[in-house]
Amino acid sequence: MADEYDAFITEETIEGDAEGRLAGTTVAVKDNISTAGVRTTCGSEMLADYVPPYSATVVERLTDAGATIVGKTNMDEFGMGTTTETSAFGPTRNPIDPERVPGGSSGGSAAAVAAGEADVALGSDTGGSVRCPAAFCGVVGIKPTYGLVSRYGLVAYANSLEQIGPIAGTVEEAAEALSVIAGPDPNDGTTRDPTDAEDADATVPEGGYAAAADGDVDGLTVGVPTELFEGADERVVETVEAAIADLEAQGAETIEVSLPSVEHAVQAYYVIATSEASSNLARFDGVRYGHRAEGDGNWNESFAETREAFGAEVKRRILLGTYALSAGYHDKYYAKAQDAREWVRRDFDDAFEDVDVIASPTMPVLPFELGESLDDPLRMYLADANTTPANLANLPAISVPAGEADGLPVGLQLVGPKFDEATVIRAASAVEDR
Amino acid sequence: MTDSSDPDGDPAGSGGEEGAAGAAAVDGGSAGPVVDADEVEHVAELARVRLEEGEREEFTDQFAEILEYFEALDEVPDLDREEDLVNVMREDDIEEGLTQEEALSNAAETEDGFFKGPKVS
(Lines of atoms letter the chains of each structure in order from A and count residues from 1; the text may use other names and numbers.)
(Lines give C-alpha, C1' and ligand atoms only; values in the text may rest on other atoms or scores of the structure.)
Protein backbone atom coordinates (compact mmCIF):
# COMPACT_ATOMS: atom_id res chain seq x y z
CA MET A 1 0.00 0.00 0.00
CA ALA A 2 2.37 2.66 -1.22
CA ASP A 3 0.66 5.97 -0.63
CA GLU A 4 -2.45 5.20 -2.67
CA TYR A 5 -4.01 8.59 -1.87
CA ASP A 6 -0.91 10.68 -2.78
CA ALA A 7 -0.71 11.97 0.78
CA PHE A 8 3.07 12.38 0.63
CA ILE A 9 5.37 14.46 -1.57
CA THR A 10 8.50 12.87 -0.09
CA GLU A 11 8.61 9.62 1.86
CA GLU A 12 11.81 9.65 3.85
CA THR A 13 12.42 8.65 7.47
CA ILE A 14 13.97 10.86 10.13
CA GLU A 15 14.65 8.74 13.21
CA GLY A 16 13.88 10.20 16.60
CA ASP A 17 15.49 9.57 19.98
CA ALA A 18 15.07 6.10 21.43
CA GLU A 19 13.09 7.36 24.39
CA GLY A 20 10.50 10.04 25.05
CA ARG A 21 6.77 10.59 25.35
CA LEU A 22 6.32 10.01 21.60
CA ALA A 23 8.61 6.96 21.35
CA GLY A 24 7.14 4.54 18.82
CA THR A 25 4.88 7.23 17.31
CA THR A 26 5.08 7.90 13.57
CA VAL A 27 4.57 11.50 12.46
CA ALA A 28 3.97 12.92 8.98
CA VAL A 29 5.03 16.56 8.52
CA LYS A 30 3.44 19.07 6.16
CA ASP A 31 5.84 20.04 3.40
CA ASN A 32 6.05 23.71 4.40
CA ILE A 33 7.79 22.77 7.68
CA SER A 34 11.58 22.65 7.29
CA THR A 35 13.41 19.34 7.71
CA ALA A 36 17.22 19.47 7.56
CA GLY A 37 18.47 17.37 4.65
CA VAL A 38 14.97 16.41 3.47
CA ARG A 39 13.49 18.52 0.69
CA THR A 40 10.71 20.90 1.63
CA THR A 41 8.68 21.95 -1.40
CA CYS A 42 5.63 23.81 -0.04
CA GLY A 43 3.75 21.98 -2.80
CA SER A 44 5.39 24.36 -5.27
CA GLU A 45 7.49 24.04 -8.38
CA MET A 46 9.37 27.04 -6.98
CA LEU A 47 10.87 24.89 -4.19
CA ALA A 48 10.79 21.47 -5.90
CA ASP A 49 14.51 20.94 -5.18
CA TYR A 50 14.89 23.01 -2.00
CA VAL A 51 16.68 21.15 0.82
CA PRO A 52 16.66 23.14 4.09
CA PRO A 53 19.96 23.39 5.98
CA TYR A 54 18.08 23.41 9.31
CA SER A 55 14.96 21.92 10.89
CA ALA A 56 11.93 23.70 12.26
CA THR A 57 11.71 23.87 16.07
CA VAL A 58 8.61 21.63 16.01
CA VAL A 59 10.52 18.93 14.10
CA GLU A 60 13.39 19.05 16.62
CA ARG A 61 10.89 18.77 19.48
CA LEU A 62 9.14 15.78 17.90
CA THR A 63 12.33 13.81 17.28
CA ASP A 64 13.71 14.77 20.72
CA ALA A 65 10.50 13.26 22.16
CA GLY A 66 11.15 9.98 20.34
CA ALA A 67 8.83 10.38 17.34
CA THR A 68 9.85 9.04 13.94
CA ILE A 69 9.15 11.34 10.99
CA VAL A 70 7.87 9.22 8.09
CA GLY A 71 7.61 11.81 5.33
CA LYS A 72 6.55 15.19 4.05
CA THR A 73 2.90 15.60 3.18
CA ASN A 74 1.17 17.08 0.18
CA MET A 75 -0.47 20.49 0.49
CA ASP A 76 -2.00 23.34 -1.45
CA GLU A 77 0.85 25.41 -2.89
CA PHE A 78 2.27 27.55 -0.04
CA GLY A 79 -0.86 26.67 1.97
CA MET A 80 -3.12 28.57 -0.41
CA GLY A 81 -6.22 26.47 -0.92
CA THR A 82 -9.00 24.53 0.73
CA THR A 83 -8.71 21.26 -1.22
CA THR A 84 -5.00 20.30 -1.70
CA GLU A 85 -5.66 20.56 -5.45
CA THR A 86 -3.38 23.58 -6.00
CA SER A 87 -0.29 21.44 -5.22
CA ALA A 88 2.25 21.35 -8.06
CA PHE A 89 2.56 17.62 -7.27
CA GLY A 90 -1.08 16.78 -8.03
CA PRO A 91 -4.05 16.38 -5.68
CA THR A 92 -4.33 14.16 -2.63
CA ARG A 93 -7.42 11.95 -2.51
CA ASN A 94 -9.71 11.61 0.49
CA PRO A 95 -9.25 8.11 2.00
CA ILE A 96 -12.96 8.08 2.99
CA ASP A 97 -14.01 8.67 -0.64
CA PRO A 98 -11.16 8.82 -3.20
CA GLU A 99 -13.31 10.80 -5.67
CA ARG A 100 -13.41 13.66 -3.17
CA VAL A 101 -10.84 16.14 -1.89
CA PRO A 102 -9.28 15.69 1.55
CA GLY A 103 -9.70 19.41 2.32
CA GLY A 104 -6.80 21.76 2.61
CA SER A 105 -4.37 23.11 2.76
CA SER A 106 -2.93 20.36 5.02
CA GLY A 107 -4.78 17.68 3.01
CA GLY A 108 -1.85 15.28 2.81
CA SER A 109 -1.41 15.38 6.59
CA ALA A 110 -5.07 14.55 7.32
CA ALA A 111 -5.17 11.88 4.59
CA ALA A 112 -1.98 10.23 5.94
CA VAL A 113 -3.59 9.91 9.38
CA ALA A 114 -6.99 8.81 8.02
CA ALA A 115 -5.31 6.14 5.86
CA GLY A 116 -3.21 4.86 8.75
CA GLU A 117 0.08 5.89 7.13
CA ALA A 118 1.07 7.92 10.21
CA ASP A 119 -0.16 8.04 13.81
CA VAL A 120 0.02 11.82 13.95
CA ALA A 121 0.66 14.58 11.43
CA LEU A 122 1.60 18.23 11.61
CA GLY A 123 -0.27 20.79 9.54
CA SER A 124 -0.30 24.57 9.51
CA ASP A 125 -3.48 26.59 9.94
CA THR A 126 -3.65 30.13 8.53
CA GLY A 127 -7.41 30.26 7.92
CA GLY A 128 -8.51 26.71 8.70
CA SER A 129 -5.87 24.58 7.00
CA VAL A 130 -5.60 22.07 9.87
CA ARG A 131 -9.28 21.98 10.83
CA CYS A 132 -10.74 21.78 7.31
CA PRO A 133 -8.86 18.63 6.23
CA ALA A 134 -9.39 17.08 9.68
CA ALA A 135 -13.16 17.60 9.21
CA PHE A 136 -13.18 16.28 5.62
CA CYS A 137 -11.11 13.17 6.47
CA GLY A 138 -12.88 12.31 9.74
CA VAL A 139 -9.94 12.94 12.07
CA VAL A 140 -9.02 15.45 14.81
CA GLY A 141 -7.13 18.71 14.15
CA ILE A 142 -6.01 21.43 16.57
CA LYS A 143 -5.26 25.08 15.69
CA PRO A 144 -3.41 26.37 18.77
CA THR A 145 -3.63 29.88 20.22
CA TYR A 146 -1.39 32.24 18.25
CA GLY A 147 1.97 32.14 20.02
CA LEU A 148 1.66 28.71 21.67
CA VAL A 149 3.69 26.87 19.00
CA SER A 150 6.90 28.10 17.38
CA ARG A 151 6.76 29.01 13.70
CA TYR A 152 10.55 28.90 13.33
CA GLY A 153 11.22 26.87 10.19
CA LEU A 154 7.65 27.18 8.88
CA VAL A 155 7.80 28.72 5.41
CA ALA A 156 5.71 31.85 5.92
CA TYR A 157 2.46 32.56 4.09
CA ALA A 158 0.67 35.00 6.47
CA ASN A 159 2.67 35.33 9.69
CA SER A 160 0.10 37.15 11.80
CA LEU A 161 -2.49 34.40 11.32
CA GLU A 162 -0.74 31.05 11.14
CA GLN A 163 0.06 28.37 13.67
CA ILE A 164 1.41 24.84 13.32
CA GLY A 165 -0.99 22.26 14.76
CA PRO A 166 -1.36 18.49 15.17
CA ILE A 167 -3.75 16.12 13.38
CA ALA A 168 -4.47 12.66 14.81
CA GLY A 169 -7.07 9.90 15.01
CA THR A 170 -8.12 10.82 18.54
CA VAL A 171 -8.30 14.00 20.63
CA GLU A 172 -5.90 12.47 23.17
CA GLU A 173 -3.21 11.70 20.56
CA ALA A 174 -3.49 15.17 19.05
CA ALA A 175 -3.28 16.72 22.53
CA GLU A 176 -0.18 14.70 23.38
CA ALA A 177 1.56 15.89 20.19
CA LEU A 178 0.54 19.46 21.04
CA SER A 179 2.21 19.15 24.46
CA VAL A 180 5.45 18.16 22.73
CA ILE A 181 5.52 21.00 20.17
CA ALA A 182 4.10 23.79 22.40
CA GLY A 183 6.12 26.31 24.38
CA PRO A 184 8.32 29.36 23.98
CA ASP A 185 11.14 29.38 21.43
CA PRO A 186 13.86 32.04 21.37
CA ASN A 187 13.84 31.73 17.57
CA ASP A 188 10.21 32.90 17.36
CA GLY A 189 9.62 36.15 19.23
CA THR A 190 5.82 35.72 19.03
CA THR A 191 5.83 32.57 21.19
CA ARG A 192 4.71 32.83 24.80
CA ASP A 193 4.50 30.63 27.84
CA PRO A 194 0.73 30.29 28.36
CA THR A 195 1.11 30.35 32.14
CA ASP A 196 2.89 33.73 31.90
CA ALA A 197 0.20 35.32 29.74
CA GLU A 198 -1.45 37.73 32.17
CA ASP A 199 -4.41 38.44 29.93
CA ALA A 200 -5.27 34.79 29.50
CA ASP A 201 -7.00 32.40 31.83
CA ALA A 202 -4.63 29.58 30.99
CA THR A 203 -4.35 26.28 32.70
CA VAL A 204 -2.03 23.65 31.33
CA PRO A 205 -2.96 20.36 32.99
CA GLU A 206 -0.26 18.57 34.91
CA GLY A 207 1.18 15.94 32.59
CA GLY A 208 0.23 17.93 29.50
CA TYR A 209 -2.79 18.60 27.34
CA ALA A 210 -3.68 14.92 26.89
CA ALA A 211 -4.76 14.85 30.53
CA ALA A 212 -7.56 17.26 29.61
CA ALA A 213 -9.09 14.69 27.23
CA ASP A 214 -11.18 13.19 30.03
CA GLY A 215 -14.61 13.65 28.44
CA ASP A 216 -15.93 15.54 31.48
CA VAL A 217 -18.26 18.30 30.27
CA ASP A 218 -20.57 18.32 33.29
CA GLY A 219 -21.26 22.01 33.99
CA LEU A 220 -19.51 23.26 30.84
CA THR A 221 -21.24 26.12 29.03
CA VAL A 222 -21.27 25.79 25.24
CA GLY A 223 -22.08 28.83 23.11
CA VAL A 224 -23.89 28.24 19.83
CA PRO A 225 -23.53 31.16 17.38
CA THR A 226 -26.36 31.32 14.86
CA GLU A 227 -24.09 33.11 12.38
CA LEU A 228 -21.92 29.98 11.94
CA PHE A 229 -24.91 27.72 11.19
CA GLU A 230 -26.73 29.99 8.73
CA GLY A 231 -26.02 29.07 5.16
CA ALA A 232 -24.41 25.73 6.01
CA ASP A 233 -25.46 22.51 4.28
CA GLU A 234 -28.52 21.09 6.08
CA ARG A 235 -26.95 17.66 6.44
CA VAL A 236 -23.94 19.25 8.15
CA VAL A 237 -26.16 21.31 10.48
CA GLU A 238 -28.22 18.25 11.50
CA THR A 239 -25.14 16.19 12.28
CA VAL A 240 -23.50 18.95 14.32
CA GLU A 241 -26.71 19.75 16.21
CA ALA A 242 -27.07 16.08 17.15
CA ALA A 243 -23.51 16.09 18.52
CA ILE A 244 -24.21 19.24 20.54
CA ALA A 245 -27.39 17.63 21.93
CA ASP A 246 -25.24 14.72 23.07
CA LEU A 247 -22.99 17.15 24.95
CA GLU A 248 -26.11 18.46 26.71
CA ALA A 249 -27.03 14.90 27.62
CA GLN A 250 -23.59 14.62 29.23
CA GLY A 251 -24.24 17.63 31.47
CA ALA A 252 -23.16 20.59 29.33
CA GLU A 253 -25.36 23.65 29.09
CA THR A 254 -25.84 25.29 25.68
CA ILE A 255 -26.77 28.90 25.11
CA GLU A 256 -27.19 30.89 21.94
CA VAL A 257 -24.53 33.56 21.36
CA SER A 258 -24.21 36.20 18.68
CA LEU A 259 -21.05 37.03 16.74
CA PRO A 260 -22.20 39.65 14.21
CA SER A 261 -18.63 40.43 13.11
CA VAL A 262 -17.99 36.97 11.65
CA GLU A 263 -19.95 37.87 8.52
CA HIS A 264 -16.88 39.91 7.62
CA ALA A 265 -14.34 37.26 8.62
CA VAL A 266 -13.73 35.83 5.15
CA GLN A 267 -13.33 39.31 3.66
CA ALA A 268 -10.94 40.38 6.40
CA TYR A 269 -9.03 37.12 6.26
CA TYR A 270 -8.43 37.22 2.51
CA VAL A 271 -7.37 40.87 2.52
CA ILE A 272 -4.91 40.36 5.42
CA ALA A 273 -3.62 36.97 4.27
CA THR A 274 -3.05 38.01 0.66
CA SER A 275 -1.40 41.26 1.77
CA GLU A 276 1.03 39.40 4.00
CA ALA A 277 1.57 36.79 1.27
CA SER A 278 2.45 39.42 -1.31
CA SER A 279 5.26 40.58 0.95
CA ASN A 280 6.39 37.14 2.18
CA LEU A 281 6.57 35.57 -1.27
CA ALA A 282 8.76 38.38 -2.61
CA ARG A 283 11.68 36.33 -1.25
CA PHE A 284 11.29 33.81 -4.07
CA ASP A 285 13.57 35.61 -6.49
CA GLY A 286 15.58 32.62 -7.72
CA VAL A 287 18.81 33.99 -6.27
CA ARG A 288 19.29 32.45 -2.82
CA TYR A 289 17.17 29.33 -3.22
CA GLY A 290 14.47 27.82 -5.35
CA HIS A 291 13.67 27.71 -9.03
CA ARG A 292 15.41 30.18 -11.33
CA ALA A 293 14.36 30.82 -14.91
CA GLU A 294 16.92 30.37 -17.67
CA GLY A 295 16.42 33.76 -19.34
CA ASP A 296 19.26 36.29 -19.51
CA GLY A 297 17.17 39.45 -19.13
CA ASN A 298 17.87 42.16 -16.56
CA TRP A 299 17.07 41.84 -12.86
CA ASN A 300 13.39 42.75 -13.15
CA GLU A 301 12.75 40.62 -16.22
CA SER A 302 14.57 37.65 -14.74
CA PHE A 303 12.71 38.05 -11.44
CA ALA A 304 9.30 38.14 -13.17
CA GLU A 305 10.19 35.19 -15.40
CA THR A 306 11.35 33.10 -12.42
CA ARG A 307 8.13 33.88 -10.60
CA GLU A 308 6.03 32.70 -13.55
CA ALA A 309 6.55 29.26 -11.96
CA PHE A 310 4.04 30.04 -9.20
CA GLY A 311 0.71 28.29 -9.72
CA ALA A 312 -2.46 30.25 -10.54
CA GLU A 313 -3.84 30.43 -6.99
CA VAL A 314 -0.53 31.73 -5.62
CA LYS A 315 -0.35 34.35 -8.36
CA ARG A 316 -3.94 35.34 -7.65
CA ARG A 317 -3.17 35.90 -3.98
CA ILE A 318 0.09 37.77 -4.59
CA LEU A 319 -1.73 40.08 -7.01
CA LEU A 320 -4.75 40.59 -4.74
CA GLY A 321 -2.43 41.41 -1.83
CA THR A 322 -0.32 43.78 -3.92
CA TYR A 323 -3.52 45.50 -5.03
CA ALA A 324 -4.95 45.72 -1.49
CA LEU A 325 -1.76 47.35 -0.21
CA SER A 326 -1.21 49.73 -3.11
CA ALA A 327 -1.56 53.47 -2.73
CA GLY A 328 -5.18 54.57 -2.83
CA TYR A 329 -6.52 51.16 -1.84
CA HIS A 330 -4.71 50.55 1.45
CA ASP A 331 -7.27 52.40 3.58
CA LYS A 332 -10.19 50.89 1.73
CA TYR A 333 -9.12 47.26 2.06
CA TYR A 334 -6.21 46.64 4.43
CA ALA A 335 -7.13 49.17 7.13
CA LYS A 336 -10.80 48.10 7.11
CA ALA A 337 -9.77 44.44 7.30
CA GLN A 338 -7.75 45.24 10.44
CA ASP A 339 -10.83 46.93 11.91
CA ALA A 340 -12.85 43.81 11.14
CA ARG A 341 -10.16 41.69 12.79
CA GLU A 342 -10.41 43.75 15.98
CA TRP A 343 -14.21 43.49 15.84
CA VAL A 344 -14.04 39.69 15.60
CA ARG A 345 -11.64 39.60 18.55
CA ARG A 346 -14.01 41.72 20.68
CA ASP A 347 -17.03 39.62 19.70
CA PHE A 348 -15.32 36.47 20.95
CA ASP A 349 -14.12 38.24 24.11
CA ASP A 350 -17.69 39.28 24.87
CA ALA A 351 -19.03 35.80 24.17
CA PHE A 352 -16.48 34.21 26.52
CA GLU A 353 -17.90 36.34 29.34
CA ASP A 354 -20.86 33.94 29.24
CA VAL A 355 -19.60 30.65 27.77
CA ASP A 356 -16.58 28.32 28.07
CA VAL A 357 -16.41 27.21 24.42
CA ILE A 358 -18.15 28.03 21.14
CA ALA A 359 -19.42 25.19 18.95
CA SER A 360 -20.22 25.19 15.23
CA PRO A 361 -19.73 23.13 12.09
CA THR A 362 -16.03 23.20 11.12
CA MET A 363 -16.90 23.37 7.43
CA PRO A 364 -20.29 24.56 6.15
CA VAL A 365 -20.15 21.93 3.38
CA LEU A 366 -19.42 18.25 2.83
CA PRO A 367 -16.10 17.38 1.10
CA PHE A 368 -16.03 18.68 -2.50
CA GLU A 369 -15.64 16.31 -5.42
CA LEU A 370 -12.21 16.53 -7.05
CA GLY A 371 -12.09 19.42 -9.53
CA GLU A 372 -15.45 20.80 -8.38
CA SER A 373 -14.33 24.19 -7.06
CA LEU A 374 -10.98 24.86 -8.72
CA ASP A 375 -12.28 27.34 -11.31
CA ASP A 376 -14.26 29.39 -8.81
CA PRO A 377 -11.88 30.91 -6.25
CA LEU A 378 -14.55 32.98 -4.46
CA ARG A 379 -16.64 29.86 -3.83
CA MET A 380 -13.57 28.16 -2.37
CA TYR A 381 -12.81 31.20 -0.16
CA LEU A 382 -16.38 31.21 1.21
CA ALA A 383 -15.91 27.63 2.46
CA ASP A 384 -13.54 29.12 5.08
CA ALA A 385 -16.38 31.10 6.73
CA ASN A 386 -16.35 29.16 10.01
CA THR A 387 -12.60 28.58 10.41
CA THR A 388 -11.13 32.04 9.67
CA PRO A 389 -12.64 33.77 12.76
CA ALA A 390 -10.36 31.81 15.15
CA ASN A 391 -7.27 32.88 13.19
CA LEU A 392 -8.36 36.52 13.14
CA ALA A 393 -8.96 36.40 16.93
CA ASN A 394 -5.76 34.37 17.66
CA LEU A 395 -7.84 31.74 19.50
CA PRO A 396 -7.43 27.98 20.01
CA ALA A 397 -9.80 25.79 17.98
CA ILE A 398 -10.27 22.09 17.36
CA SER A 399 -12.16 20.05 14.78
CA VAL A 400 -13.49 16.70 16.02
CA PRO A 401 -15.60 14.19 14.08
CA ALA A 402 -19.30 14.78 14.80
CA GLY A 403 -20.59 11.88 12.72
CA GLU A 404 -21.36 11.26 9.07
CA ALA A 405 -23.82 12.59 6.51
CA ASP A 406 -24.40 10.60 3.33
CA GLY A 407 -21.38 8.50 4.30
CA LEU A 408 -19.08 11.53 4.48
CA PRO A 409 -17.39 12.88 7.61
CA VAL A 410 -18.70 16.01 9.35
CA GLY A 411 -16.48 17.99 11.71
CA LEU A 412 -17.58 19.91 14.79
CA GLN A 413 -15.46 22.92 15.66
CA LEU A 414 -14.89 24.14 19.22
CA VAL A 415 -13.24 27.53 19.83
CA GLY A 416 -11.97 28.54 23.28
CA PRO A 417 -10.51 31.57 25.05
CA LYS A 418 -6.87 32.51 24.45
CA PHE A 419 -4.42 29.81 25.69
CA ASP A 420 -7.30 27.72 27.05
CA GLU A 421 -6.47 24.71 24.87
CA ALA A 422 -7.37 22.46 27.81
CA THR A 423 -11.07 23.38 27.67
CA VAL A 424 -11.47 22.83 23.92
CA ILE A 425 -9.62 19.51 24.25
CA ARG A 426 -11.88 18.44 27.14
CA ALA A 427 -15.06 19.36 25.24
CA ALA A 428 -13.83 17.66 22.05
CA SER A 429 -13.05 14.45 23.93
CA ALA A 430 -16.67 14.37 25.09
CA VAL A 431 -17.83 14.67 21.47
CA GLU A 432 -15.80 11.64 20.40
CA ASP A 433 -16.78 9.63 23.52
CA ARG A 434 -20.50 9.73 22.87
CA MET B 1 11.68 42.96 -2.92
CA THR B 2 15.37 42.52 -2.92
CA ASP B 3 16.20 45.63 -4.90
CA SER B 4 14.25 48.83 -4.53
CA SER B 5 16.09 50.75 -7.23
CA ASP B 6 14.37 51.25 -10.52
CA PRO B 7 16.68 50.27 -13.35
CA ASP B 8 14.10 51.29 -15.94
CA GLY B 9 15.11 54.89 -15.27
CA ASP B 10 11.53 55.97 -14.73
CA PRO B 11 11.75 58.37 -11.79
CA ALA B 12 7.97 58.73 -11.42
CA GLY B 13 7.84 54.97 -10.98
CA SER B 14 4.87 52.78 -11.52
CA GLY B 15 3.82 53.30 -7.88
CA GLY B 16 2.93 56.91 -8.66
CA GLU B 17 0.55 55.94 -11.40
CA GLU B 18 -1.01 53.34 -9.15
CA GLY B 19 -1.56 56.00 -6.49
CA ALA B 20 -3.31 58.31 -8.90
CA ALA B 21 -5.49 55.55 -10.30
CA GLY B 22 -6.30 54.32 -6.79
CA ALA B 23 -7.22 57.76 -5.50
CA ALA B 24 -9.48 58.30 -8.48
CA ALA B 25 -11.22 54.99 -7.86
CA VAL B 26 -11.78 55.78 -4.18
CA ASP B 27 -13.05 59.26 -5.05
CA GLY B 28 -15.44 57.60 -7.47
CA GLY B 29 -17.33 56.44 -4.40
CA SER B 30 -20.19 54.01 -4.67
CA ALA B 31 -19.39 52.76 -8.16
CA GLY B 32 -16.84 50.39 -6.58
CA PRO B 33 -13.51 49.29 -7.96
CA VAL B 34 -13.28 48.77 -11.67
CA VAL B 35 -10.61 46.26 -12.46
CA ASP B 36 -9.71 45.96 -16.08
CA ALA B 37 -7.15 43.76 -17.75
CA ASP B 38 -4.61 46.60 -17.90
CA GLU B 39 -4.83 47.10 -14.15
CA VAL B 40 -4.29 43.38 -13.53
CA GLU B 41 -1.26 43.49 -15.82
CA HIS B 42 0.02 46.56 -13.98
CA VAL B 43 -0.31 44.94 -10.55
CA ALA B 44 1.45 41.84 -11.91
CA GLU B 45 4.31 44.08 -13.01
CA LEU B 46 4.50 45.69 -9.57
CA ALA B 47 4.64 42.23 -7.99
CA ARG B 48 7.19 41.05 -10.58
CA VAL B 49 5.04 38.07 -11.53
CA ARG B 50 4.82 37.21 -15.22
CA LEU B 51 1.39 35.93 -16.19
CA GLU B 52 0.82 33.00 -18.48
CA GLU B 53 -1.34 33.05 -21.59
CA GLY B 54 -4.96 33.61 -20.57
CA GLU B 55 -4.30 34.39 -16.89
CA ARG B 56 -4.70 38.14 -17.42
CA GLU B 57 -8.30 37.75 -18.63
CA GLU B 58 -9.13 34.98 -16.15
CA PHE B 59 -7.85 37.04 -13.20
CA THR B 60 -9.67 40.17 -14.39
CA ASP B 61 -13.04 38.40 -14.18
CA GLN B 62 -12.24 36.70 -10.88
CA PHE B 63 -10.85 39.86 -9.24
CA ALA B 64 -13.99 41.80 -10.17
CA GLU B 65 -16.07 39.22 -8.32
CA ILE B 66 -13.71 38.96 -5.33
CA LEU B 67 -13.25 42.74 -4.94
CA GLU B 68 -16.99 43.24 -5.13
CA TYR B 69 -17.31 40.80 -2.23
CA PHE B 70 -14.61 42.73 -0.30
CA GLU B 71 -16.76 45.88 -0.67
CA ALA B 72 -18.77 44.72 2.37
CA LEU B 73 -15.78 45.75 4.53
CA ASP B 74 -17.17 49.29 4.15
CA GLU B 75 -19.85 48.31 6.71
CA VAL B 76 -17.23 47.54 9.39
CA PRO B 77 -17.01 50.23 12.11
CA ASP B 78 -13.70 52.05 12.71
CA LEU B 79 -12.06 50.50 15.76
CA ASP B 80 -8.89 51.16 17.72
CA ARG B 81 -6.71 48.15 18.36
CA GLU B 82 -6.59 47.00 21.98
CA GLU B 83 -3.67 44.62 21.60
CA ASP B 84 -1.18 44.11 24.39
CA LEU B 85 1.96 44.23 22.28
CA VAL B 86 5.34 44.00 23.97
CA ASN B 87 8.82 44.07 22.52
CA VAL B 88 10.77 40.84 22.74
CA MET B 89 14.45 41.63 23.15
CA ARG B 90 17.58 39.52 23.46
CA GLU B 91 21.26 40.15 24.05
CA ASP B 92 23.12 40.84 20.83
CA ASP B 93 25.50 37.94 21.34
CA ILE B 94 27.36 36.13 18.59
CA GLU B 95 25.85 32.69 18.07
CA GLU B 96 26.59 29.90 15.68
CA GLY B 97 24.63 30.13 12.45
CA LEU B 98 24.71 28.47 9.07
CA THR B 99 28.12 28.01 7.47
CA GLN B 100 28.71 29.89 4.25
CA GLU B 101 28.55 26.57 2.40
CA GLU B 102 25.17 25.74 3.94
CA ALA B 103 23.80 29.20 3.22
CA LEU B 104 24.80 28.88 -0.45
CA SER B 105 23.74 25.25 -0.82
CA ASN B 106 20.38 25.99 -2.48
CA ALA B 107 21.48 28.84 -4.76
CA ALA B 108 21.15 28.41 -8.52
CA GLU B 109 24.41 30.28 -9.10
CA THR B 110 27.29 31.25 -6.81
CA GLU B 111 30.72 32.78 -7.30
CA ASP B 112 33.61 33.05 -4.82
CA GLY B 113 31.33 32.31 -1.89
CA PHE B 114 28.65 34.81 -2.94
CA PHE B 115 25.16 34.47 -4.37
CA LYS B 116 25.14 35.43 -8.02
CA GLY B 117 22.06 37.28 -9.22
CA PRO B 118 20.93 38.32 -12.68
CA LYS B 119 22.44 41.47 -14.19
CA VAL B 120 20.90 44.67 -12.88
CA SER B 121 20.46 46.31 -16.29
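Glycine is treated like the rest: Cβ placed from N, Cα and C.
Copied over from TrEMBL, here are the features:
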type	residues	note
ACT_SITE	A:Lys30	active site, charge relay system
ACT_SITE	A:Ser105	active site, charge relay system
ACT_SITE	A:Ser129	active site, acyl-ester intermediate
DOMAIN	A:13-424	domain 'Amidase'
REGION	A:80-110	region 'Disordered'
REGION	A:181-202	region 'Disordered'
Fill in the blank from the handout: Using a 10 Å radius on the Cβ of A:Ser129 (active site, acyl-ester intermediate), the other Cβ atoms enclosed count 36
Completion exercise
Counted with DSSP (H/G/I as helix, E/B as strand, rest coil), the region 'Disordered' (A:181-202) has 4 helix, 3 strand, 15 coil
Fill in the blank from the handout: For the region 'Disordered' (A:80-110), the DSSP residue counts stand at 4 helix, 3 strand, 24 coil
